[in-house]
Amino acid sequence: MAGAGGGMLGSCSCKIGPSILNADLSNLASEARRLMDCGADYLHLDVMDGHFVPNMTFGHPVVKSLRQHSDAFFDMHMMVAGPEQWIEGMRDAGANLFTFHVEATDDVKGCIRKVKEAGMQVGIGLKPKTPVDVVFPYVEDVDMVLVMTVEPGFGGQKFMADMMPKVQALRAKYKSLDIEVDGGVGPSTIDLAAEAGANMIVSGTAVVRSDNPREVIGQLRGKVDEAIQKANLER
Ligand SMILES: O=C(CO)[C@@H](O)[C@H](O)COP(=O)(O)O
Ligand SMILES: [Fe+2]
C-alpha cells in the first residue's frame, strides 16, 4: 500500500506528527490508527540502530508491516550510522520521507541524491551539538530540515530551548522551508518552537501518553497556526 500523503511537504503549513517511540509498540497498527484519528497529519517513526544512538527500535520489516495497516504519511527519523544502506529497504517498506542525520555520513550530498532517486522525499537532521550552518549547503536540495531539541536516542526528555536560535536562523533565510522540531515538544514548550519558526511538530510523550491526544494535537496546531499567521502579517 502506498502512502497517501506523498505530496505533504513543501507548503510550510502546520503539520503535527506524533512520534510513536513511547507508544505501545506491541500494538503499532492500532496506535497509528488512534493517533491519525485524533487529528495527526503524519506519523514520525524513530529508527535507531544502536550505533548512531545508544538505543534500538525497529527497521524496515516493521515499517512494511505497519504500511499494510496505515495510509499515513511516514516520516522516517533515521538515527542510524551509514543511512545510505537503509534507503532501498525503507522505500520498499512504504516510507514517504527519509530523514537522516548530517553527522551520520561523509557524503551528505550523495545520500540526498540517493534518497531522491529512490523516490522518497528527503530531510536532514542535526543533533544539538551540531551548528546550524553545517546544513546550509544542503537546504536547497532537501524537502525538510529537522532541528533536534533533545539528544537523539530516547523519548521523554526535556526540550532544549537553546536550540531555538537554529530554527530562527533557518527561518530567517528560508521563508518556505519545512522546519521540524523533535524532542520534548508539548503544550508547555510549543510557544517557543512555533515563535522561532518551526512548522512541523513532532510530539511523542505529550501526545501519546495524554488522556486526550486530540486536544493536545489541537493545542499544538493552534499555536503553530497563530505563529504562522503572525509571521505572514509581519512580512
Ligand atoms: O527522535 C526522538 C528521540 O531521539 C524523538 O522523536 C522522540 O521520541 C520524541 O519524543 P518526546 O521527546 O516528544 O517524548
Ligand atoms: Fe524522532
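Backbone N, Cα and C define each Cβ position, glycine as well.
Per TrEMBL, the features are as follows:
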type: ACT_SITE; residues: Asp46; note: active site, proton acceptor
type: ACT_SITE; residues: Asp182; note: active site, proton donor
type: BINDING; residues: Ser19, His77, Gly153, Phe154, Gly155, Gly156, Gly184, Gly204, Thr205; note: substrate binding site
type: BINDING; residues: His44, Asp46, His77, Asp182; note: divalent metal cation binding site
(message) Under a three-state reading of DSSP, tell me whether Thr205 (substrate binding site) is helix, strand or coil.
(response) helix
(message) Is it possible to get the count of other C-beta atoms within 10 angstroms of the C-beta of the residue listed as 'active site, proton donor'?
(response) 26
(message) For a Cβ distance below 6 Å to any atom of ligand 2, name the recorded positions from Ser19, Asp46, Gly155, Asp182, Thr205 that qualify, or say none.
(response) Ser19, Asp46, Asp182
(message) Roughly how many Å lie between the Cα atoms of Gly184 (substrate binding site) and His77 (divalent metal cation binding site), rounded to a whole value?
(response) 15
(request) Between Thr205 (substrate binding site) and His44 (divalent metal cation binding site), find the distance joining the two CA atoms and give it rounded to the nearest Å. (result) 12
(message) With every protein chain in view, what's the tally of Cβ atoms within 10 Å of the Cβ of Asp46 (active site, proton acceptor), excluding that atom itself?
(response) 24
(request) Determine which residues of the same chain, besides His44, Asp46, His77, Asp182, have their CB within 8 A of the center of the CB atoms at the recorded divalent metal cation site, and list them by sequence. (result) Gly17, Ser19, Leu21, Leu45, Asp75, Met79, Thr99, Leu146, Val202, Gly204
(message) Given a 10 Å Cβ-Cβ cut-off, pick out the one of the binding-site residues Gly153, Gly184 that has the most other Cβ atoms nearby.
(response) Gly184
(request) Determine, to the nearest whole angstrom, how far the Cα atom of Gly155 (substrate binding site) is from the Cα atom of Asp46 (active site, proton acceptor). (result) 10
(message) Can you tell me whether DSSP puts Gly153 (substrate binding site) in helix, strand or coil?
(response) coil
